[in-house]
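S.K.: Mind looking over this structure? Questions follow.
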């Protein structure tokens, strides 16, 4: 909670200590690090110990989950010949970005233990730089995955991107993540500072200057609006294409007086259109879950009522991004048929059981007459 007295923000009594002491946020920072604490945070009492404990436990779980899930993706996709396809390089790149984000978690755990950013300005810059590169890189990689799926499924013969094209897209994802990560690092435009419980760092969205407002607007469009628009457009066009394709097949089957032209049609299978919609919705919602909280907090902090941005509220976006980086490998890769087959073969103790490829699919390619429901559900069987 945030209050203002006659002379400005005042600290709350830290009830968690039970001794009536008054401790504002940042009081535990060493004297040489006090300049890092934005005046906004000093208007709040120190967070209760159980808040820190809750986030501490959550970050440990997320860190272990991210290392395991993304580590499996990188290991399987990089060592399996059947998975070394152009499209799968994008999934591998996403796992690398997600694992890169995980490198911040040990730093956070140390910060939460001592109560301040270990390493001072340099430690804060490194933490925020890692988060910026991995976050913006993952967002644009998600957009390129959506674009690749649209190209592949809408035109399975000539629409597949080549190795060279995919490598260029991957290089572009790292270039895309660089400008708005490096500019605040050198304080050319924007800057990094502690946020929330003052144990994490991000770009400054609290300083009310015209220059900083322009920075927040620009990074919002760059890291959120553009990738989200690309994802939405790609999956909308993909969904539209599949719907038209299924309608055409249904009309042709009616003319030929047969039930269906799809090679894999049966009463137990979910319709292709529904599976496409479900997969697209999951992917799109994950992106929104990851970046909408940060966008909302940053926009409110820069243009709205800053008193709404409490330490607890500003910690939620950080938790959301870390959570999605752990979910990505399961959404993007665990539903990949050939990936599941590799897991079943190499790690049978995971209990994964995947239907083996049938003769109806040659080399993992979709037939011209039909599109595999599993392929459309999440990933082309490359």
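Each residue, glycine too, has its Cβ placed from N, Cα and C.
Grabbed the feature section from Swiss-Prot, which reads as follows:
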- 50-76: transmembrane segment (TRANSMEM)
- 89-112: transmembrane segment (TRANSMEM)
- 128-147: transmembrane segment (TRANSMEM)
- 166-190: transmembrane segment (TRANSMEM)
- 215-242: transmembrane segment (TRANSMEM)
- 279-302: transmembrane segment (TRANSMEM)
- 311-335: transmembrane segment (TRANSMEM)
- 322: N6-(retinylidene)lysine (MOD_RES)
- 357-382: region 'Disordered' (REGION)
- 358-382: compositional bias 'Polar residues' (COMPBIAS)
S.K.: Going by DSSP, is the residue listed as 'N6-(retinylidene)lysine' sitting in a helix, a strand, or coil?
M.R.: helix
S.K.: Does the transmembrane segment (166-190) come near the transmembrane segment (50-76), with 3+ Cβ pairs under 8 Å (pairs 6 or more apart)?
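M.R.: These two segments do not touch.
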S.K.: Report, as numbers and ranges, every residue of the chain located at least six residues beyond the transmembrane segment (50-76) whose Cβ falls under 8 Å of a Cβ in that stretch; write 'none' if there are none.
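M.R.: Tertiary neighbours of the transmembrane segment (50-76) are 16, 83, 91-92, 95-96, 98-99, 101-102, 105-106, 108-109, 112, 197, 199, 312, 315, 319, 322-323, 325-326, 328-330, 332-333, 339, 342-343, 346-347.
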S.K.: List the same-chain residues at least 6 positions away in sequence whose Cβ sits under 8 Å from the Cβ of the residue listed as 'N6-(retinylidene)lysine', in sequence order, or say none.
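M.R.: Counting only residues 6 or more apart in sequence, the Cβ neighbours of the residue listed as 'N6-(retinylidene)lysine' under 8 Å are 59, 62, 66, 101, 102, 105.
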